[in-house]
Amino acid sequence: MLLITFLMVETFMVASAGNFNKDVDITWGDSRGKILNNGQLLTLSLDKASGSGFQSRNEYLYGKFDMQLKLVPGNSAGTVTAYYLKSQGSSWDEIDFEFLGNLSGDPYVVHTNVYTKGKGGREQQFYLWFDPTAHFHTYSILWNPGHVIFYVDGRPIREFKNLESVGIPYPKNQPMRMYCSLWIADDWATRGGLVKTDWSQAPFTASFRNFTANACVLSNGVSSCSSNASSNNAWFSQELDSSSQKVLKWVQKNYMVYNYCKDA
């Protein structure tokens, strides 16, 4: 019933999408990154020589970020498709979605992490309840002063609360850009590095579309959000209500495969 409810909600969550020609720069990989369909589609490719990646032109300090991805199909063992927010410097903040490739027929692992002041080690991993290579699905990051929430097709899968009151650092001061990349990590990505990449399957390709950022854009150190951002932007004070908490528990009970909190 929860799944049906959120499928219905998702239908009404469509926002106006940006244009990759205006919103991002392809930053590495030579011609392996391609913007297509008048800026409506972006593909990244990986071969034995190199992967590829792109980043947002804007920096943000809080926001709700949505991206539709279609992951590398077939035998994608050893590959990682990443979609994340990251600040600059040696003491950086970062909020990660990483999709760990697989052997054909095995489920993708969704790897999430939150870094604060250069320190991570807060991994949670999940399987998905669908084939992420067959169609585009929406992956979202909500980042506001109280919560970081990871969503898949509008369903929360992870929540990281601001618990600075008990001494846990929270990403709140450093502006971040959005980054996406496709790269090789066959020393750890698939079954802890036991399964290596089959380069006869290359080039590997992941596809991206409908990036939206309902966010505070930072320009010359000044935020586009006014001091009353919370009244102008619902996401600024958004948190999980009781219905969303039930969905979060359902996902974590049925699809979580690793939780750093329980790793002795």
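Note: Cβ is positioned from N, Cα and C throughout, glycine not excepted.
Note: TrEMBL annotation is automatic and uncurated.
Annotation source TrEMBL lists signal peptide at 1-17.
What TrEMBL lists as domain 'GH16' is 10-208.
If you look up TrEMBL, you'll see Glu94 marked as active site, nucleophile. Packing around Glu94 (active site, nucleophile) is summarised by its Cβ count: 19 other Cβ atoms lie within 10 angstroms of its Cβ, all protein chains included.
Per TrEMBL, the feature active site, proton donor maps to Glu98. In sequence order, Val80, Thr81, Ala82, Tyr83, Tyr84, Val110, His111, Thr112, Asn113 are the residues near Glu98 (active site, proton donor), counting only same-chain partners six or more apart with C-beta under 8 A.
The N-linked glycosylation site feature in TrEMBL is assigned to Asn102.
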Proximal but sequence-remote residues of the same chain as Asn102 (N-linked glycosylation site) (Cβ under 8 Å, at least 6 apart): Asn75, Ser76, Ala77, Tyr108, Val109, Thr190
